[in-house]
Each structure stands twice: as structure tokens, then as C-alpha cells.
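**Student:** One structure is given below, represented as C-alpha cells, and several questions about it will come after.
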Amino acid sequence: MVRRVVATGTFDILHPGHVLYLCEARKHGDELWVIVARESTIKHKRKPLIPEEQRLFMVQSLKCVDHAVLGSETDMFEPIRQIQPEVIAIGFNQHWNENELKKQLAERGIKAEIVRIQTSDHSPYASSRTIRQKIKESDP
């Protein structure tokens, strides 16, 4: 049986921190599925600069990613229901509360182990926010 891992994110301004998160997530199974957030569903931070189809293309191009899909515009759990992962990998700085996520998954009959990826690249360029700020600062 193939052990599927799901990772999620916006992946706006793809950077080394994203790549590290996805490669570490891949180590928890045989197949890495990535759900790329849709612009219409992002509520907790600013809207992406890069259109969703281009973000999806960039994530699909990474060697450690086996499959990448856009998230649902109506139910964030729908792609997870379709993929049926054994593991859901959460990034070290993602806003999820693991216990709340487990509860929401259980309410939907989804059984998956939740793993928080602790590894991060401490480079100043491992944050989309920092990259945006550096671009603003360099603009004459």
C-alpha cells in the first residue's frame, strides 16, 4: 500500500523554505501530494502576487512533489477526502492548531496522522514576507 502524504500552502514567491518543507514532508511517505491554496480562499494573510495556476506549476515542477492540485473553492477538506492521505504535513510556521485539525478531520471521517515539520531554513530568504520587504527596500 502506498503511504500518501499531503502538504498544503499558498507557495507565493516560492523560496528555499517552501522547498525544504515539501522535501521534509515527502520523507513521511511514499507519495507527496501538495494542495496549493486558491486565491479566493486565502483569508489569514495578504492575497498572493503570483496567480494560482502559476504557483501550481512551480510546485508541480519540484522533484520531491509527486502530485499537486489546486484546493477547493468551497470546502478545504474536499481534496483531502479525495486523496485519502495517511499523513498530513504542516509547516513549522503554518497557522494550524494540530488538535483542532484532528477534530475537524475526524468529524469528516478522515483518518490521517498529523505531522508538524519542524525543520526550517534560517536564511532571510525563507519567508515570502521578507522577500517582499527586501524588494520594497531595494526599489529606488
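Every residue, even glycine, has its Cβ placed from backbone N, Cα and C.
From Swiss-Prot, here are the annotated features:
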BINDING   Thr10, Phe11, His15, Pro16, Gly17, His18, Asn93  ATP binding site
**Student:** Taking the residues Thr10, Phe11, His15, Pro16, Gly17, His18, Asn93, which the record names as binding ATP, find the longest CA to CA distance and state it in Å to the nearest whole number.
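**Tutor:** Across Thr10, Phe11, His15, Pro16, Gly17, His18, Asn93, the widest Cα separation comes out at 14 Å.
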**Student:** Using a 10 Å cut-off on CB atoms, tell me which of the binding-site residues Pro16, Gly17 is the least crowded.
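**Tutor:** Relative to the other binding-site residues in Pro16, Gly17, Pro16 has the fewest Cβ atoms within 10 Å.
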**Student:** Among His15, His18, all listed as binding-site residues, which has the most CB atoms within 10 Å of its CB?
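**Tutor:** When each Cβ's neighbours within 10 Å are tallied, His18 leads.
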**Student:** In which DSSP state, out of helix, strand and coil, do we find Thr10 (ATP binding site)?
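**Tutor:** DSSP call for Thr10 (ATP binding site): coil, neither helix nor strand.
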**Student:** Just going by other Cβ atoms within 10 Å, which of the binding-site residues Thr10, Phe11, Asn93 has the emptiest spot?
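**Tutor:** Comparing Cβ neighbours within 10 Å for the binding-site residues Thr10, Phe11, Asn93, Asn93 has the fewest.
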